Structures are given as C-alpha cells and as structure tokens.
Amino acid sequence: MSQFKRPGEARSSGDIDTEIDLALFGALGDLAQRKLFPALFHLEREGLLAPDTRLLGLARQELDVDAFRSRIEKALKTYVKAEELDREALARFLARLDFLPLDFTKPEGYAAIREWRQEAARPMVVYLSVAAKIYGDICRHLEASGSLDDESRVVVEKPIGYDLASSAEINDAIGAVFPESRIYRIDHYLGKETVQNLIALRFANPLFGTQWNQNHISHVEITVAEKVGIEGRWGYFDDAGQLRDMVQNHLLQLVCLIAMDPPANLDADAIRDEKVKVLKALKPFTDDMLGRDVVRGQYIAGTIDGRSVPGYLEEEGANRASHTETFVAMKTGVANWRWAGVPFYLRTGKRMPEKLSQIVIHFRQQPHYIFDPDQRELAANKLVIRLQPEEGIALEVLTKDSGLDKGMRLRRGPLHLDFSSAFPKTRIPDAYERLLLEVMKGQQYLFVRRDEVEHAWRWCDSLIAAWEDDEVPRRYPAGSWGPVASIAMITQDGRSWYEDY
Ligand SMILES: NC(=O)C1=CN([C@@H]2O[C@H](COP(=O)(O)OP(=O)(O)OC[C@H]3O[C@@H](n4cnc5c(N)ncnc54)[C@H](OP(=O)(O)O)[C@@H]3O)[C@@H](O)[C@H]2O)C=CC1
Ligand SMILES: O=C1O[C@H](COP(=O)(O)O)[C@@H](O)[C@H](O)[C@H]1O
C-alpha cells in the first residue's frame, strides 16, 4: 500500500482553479519554515489552494509524515500571527502534507516522487529551496525517474550562481530539463505589494508617465536597509556578500522597474524584454570609479534598539577573518535617452538602525524660481515609494506656509497614500504568497528570465573584477547608516540621502 494519501482524501475545498501538486525540496530549511509554509498556509486560509492540491515536503532527515506535520505546525505557530492561525484552516493544511526523506544529490529514491504523483492529472510544481549548486542534480534525477511531464514547472531561488559563468552553468542544467516557459526564478522583491505598484503608478498615471525621464528627474535613490545581521547564515553569506546577496537581484530589479520603458502590454515577456534593455544599459564599472562611486562596508559591534549586537566577524558561525562586505553604496546610471545624466544612488546594508526599503525619485527644480531665495533648495518635488516596513507612496509637494506672518513662505508636505490606513481591511500579503499563487496559475510576469539574471551578473562581475579580493571594507558600527564614506559619496554631488523616515 502506498505511503502517500490519494488526492481528495481528507482535503479541503477551495474555489480557484490553481490545482497543482507541489514538491518542496529543502522543506525543513530556513526559507521553507520561515516563509514558504506560512505563505502556503495563508493561501489555504484565504481559500486559494485548490481542493486536490497536495504538498510533498522533501528533506534529508528520516521523519514519518506525522513527525513532519508536527514540525510544520510548530513552524506555523512560530511564524504566523496567533490571530491568523485559524484552527480549521490549520487542520486542512496539515492534512495536505506528505513527506519523503531523500538525499537530493543521489538518484536513488526519486522513484518515490513518481509514485506520489500517482498519475495525477494536475501539473507538478517543483520548488527548489536549496543551494543553487544542486539544482542541476535534482532536475536530472526528477527527469530520469519519470517524475515529470510536459506541464511540470520548477521554481528556483536566488542567488543563481556566484558570477556570470556559474549562473550560466546552473541555468544550462535547469534548462536541459525544463523549457524557459516553465522555469520560475524567484526574486521575492517582485512579489512585494509596492513593487508591483510601481508598474501601476508609472503606467496608469499620465501625470507620472509624462515626467518620467531626464528632463524632469534629477536623480533616483534606492535604500534597502536591514536591521538583521547574518541570522545564522554566515557560511552562505561570507561567500556572497551584500552585492551578490541583495544588489545583483533585488536592487537591480527595483532599478529595472523604475527605469524601464512602458511595455506593450502586461505579458511576462513584454515586461521582461523592457527590463533586459535597462540591464544592458547599466553603466559598467571601471577601476577609476571605485574610490569615488562605490563604498563597501562591514559592520563592527554596535547597538540597535538599545541592545548590543556583535560585529560581523563575531557572529554565530563566523570562522575566519573576512573582507566580505555587509554594506554597499554606489552611484550608477542607465545609459540611454530616457536616463542620460541621471545618477542612480543605491545603498543596502545589514545591521542598520531600521528596516527600511524605499525609492526616492527626485524631480528637478523649476527652471525659473520666484520665491524666497533661502528656500530654493526646498523647491523640488520628491516621490517617495516605501516598500517596507509600511507600504506607501508619498509625493512631496510645496504649498504656502499658513499664518498671517508667513507671507509667501513655502512649506514642504506629503500627499500621502499609506496603504494600511487607506485600505484598512485589506491584509497586505507576504511576497511569497503572491509568488506561489502566480506559479500555481502558471503566470510568469513576476519571475526573472534567464537573460535578466545573466545581464545582472555581467554588470556585477564588472564591479567585482574592479574590486581587489583582499580590499578591506570600511567599518561601520552596527546601528549606523553605514560608513561615513557613503555619505561623502553622495554629498560630493551636492546631494544627500533622503532622511525623512
Ligand atoms: N533563508 C533565506 O532567508 C533566503 C534563502 N534564499 C535561498 O533559498 C534557498 C534555501 O535557503 P535556506 O532555506 O536558507 O537554506 P537551508 O540550508 O536552511 O535549507 C536547505 C535545506 O535543504 C536541505 N538539503 C541540502 N542539501 C540536501 C541534500 N543533498 N539532500 C537532502 N536535503 C538537502 C538541508 O538539509 P540539511 O539541513 O540536512 O543539510 C536544508 O534543510 C537557497 O537557494 C537560498 O539562497 C533566498 C532568499 C532568502
Ligand atoms: O534575499 C534576501 O533577502 C533578505 C531581505 O528580504 P526582506 O524581504 O526582508 O527585505 C535578506 O535578509 C537576505 O540576506 C537575502 O538573501
């Protein structure tokens, strides 16, 4: 008798045609426990998992299905808010779960996945929540064991590779088994509500559509600051660093969505074609830009929220002296007609004072200024797009300061759209919920195409090649906004990082 349940047995009902079987490799890992199972649970709770959808967890540990379900229940109790952990939904969700212990790199054992499928009519989604270096092995063994069919999809996590060459190798290995139309490369920033709103904001509002170019925008600023440090991932992070971990993917995707030309429609390839044009137009780095336009940092011990935190080299798992950067700031640009002469300032770092992801579009000043000369610096609009912690969009505008004694003094204030207060009943879903749902629907527009990944690597490689391997990063205390040199980098252009947090 099969160790797995048949579809329909003790399953819940849902009302959306997103029926799949999901095989999740790395089901006991950090990402799966912290993000993927909670996201799948929320889909269950919202009635978005189809009745027959089944979830198979795969990991190395020898657990039986009940022990696996207990582990997932524990993870959900840790990572889902207590008031959202609806008991009925939890019972329905746990009943969908099966488990298979497996060494992913060995072919033995994969036949059990074919058995689990039981010739089910729905497509299988394979989610690889493991290090990219074993994506190829898993795809090959899945194919050789006859577990896949012409509808099977694969979801892969970032970072894909370490540089252009290694990423091409991994993409080749996946591509030998799955066609591009069935490969879903995750960049979870594309699943964030406000990131998608960038597309609506830019292409649904004529007001911005006409202003979105070098005639009207003086510069663009992107900050992705994290409060957390390495969170037990020192081994992975020390080989990667903040450039590969955050810039190559998340920040460059944000640059693409800000800088791309309007796509002809919302089809996945129409959007991705435009993003690729931006990546191809990014200015490559040269040696002479390094001292001036790039700052690398590494945190030392400091204080966050009144609590002492260790430096990078004292974090759990740290085992060597290291020059890996935990912070990077840079000035770059998009060399095309729309963006000629418009600097893009990017900065991202770990152990900063706040968790903050935000894009600031700085519009140019009026060509002729008629107000108080002392206020001239004020006289430009800024569009502040906040991704997290609270999603929102604010347009800074200038109005007359009120009061009899103020004359025609200007006052800067926001036209503010705070999503949680403007739409209070709407829960903003986590990025992974949206992305998993899109995979189930078979829609690729929120996923990254192979050429995007590779152009992003090409650009990062130009920077890494210019860095000396042993270049010592500048130190910054945990709880600060990074090395002072990152402030000097922007002030040398007569500008400053937006600080109205
Ligand atoms: N964690 C995060 O916040 C993020 C992670 N990612 C990406 O997601 C993927 C997963 O990351 P993460 O969850 O952190 O990694 P983890 O190391 O926490 O999880 C990977 C899991 O896969 C298992 N595994 C590894 N090799 C094998 C094997 N040969 N056979 C069977 N099981 C195996 C591990 O089991 P064992 O413990 O037994 O080795 C582990 O449980 C990576 O590609 C990462 O880059 C992307 C963005 C954020
Ligand atoms: O991909 C990654 O992203 C997280 C930050 O994600 P966020 O949604 O919390 O902004 C980062 O901490 C991690 O190092 C990186 O791998």
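Glycine is treated like the rest: Cβ placed from N, Cα and C.
Taken from TrEMBL, the feature domain 'Glucose-6-phosphate dehydrogenase NAD-binding' covers 24-197.
K158 (NADP(+) binding site) counts 20 other C-beta atoms within 10 Å of its own C-beta, drawing on all protein chains shown. Summarising the annotation, TrEMBL assigns NADP(+) binding site to R60, D103, F104, K158.
Under the three-state DSSP scheme, E226 (substrate binding site) falls in the coil class. Around E226 (substrate binding site), the same-chain residues six or more apart in sequence whose CB sits under 8 Å from its CB are T348, G349, K350, R351, M352, K355, listed in sequence order. Look at TrEMBL and you will find H188, K192, E226, D245, K350, K355 tagged as substrate binding site.
The domain 'Glucose-6-phosphate dehydrogenase C-terminal' feature in TrEMBL is assigned to 200-497.
Of all Cβ atoms in the protein chains displayed, 22 besides its own lie within 10 Å of the Cβ of H250 (active site, proton acceptor). DSSP assigns H250 (active site, proton acceptor) to a helix in the three-state reduction. According to TrEMBL, the active site, proton acceptor annotation covers H250.
Among the binding-site residues R60, D103, E226, the ones whose Cβ sits under 6 Å from an atom of ligand 1 are, in sequence order, R60, D103. Within 10 Å of D245 (substrate binding site), counting CA to CA, the binding-site residues R60, D103, F104, K158 contribute K158. Taking each Cβ in turn and tallying the other Cβ atoms within 10 Å, the top scorer among the binding-site residues R60, F104 is F104. Distance from the CA of H188 (substrate binding site) to the CA of K158 (NADP(+) binding site) is 9 Å.
A distance of 25 Å separates the Cα atom of R60 (NADP(+) binding site) from that of H188 (substrate binding site).
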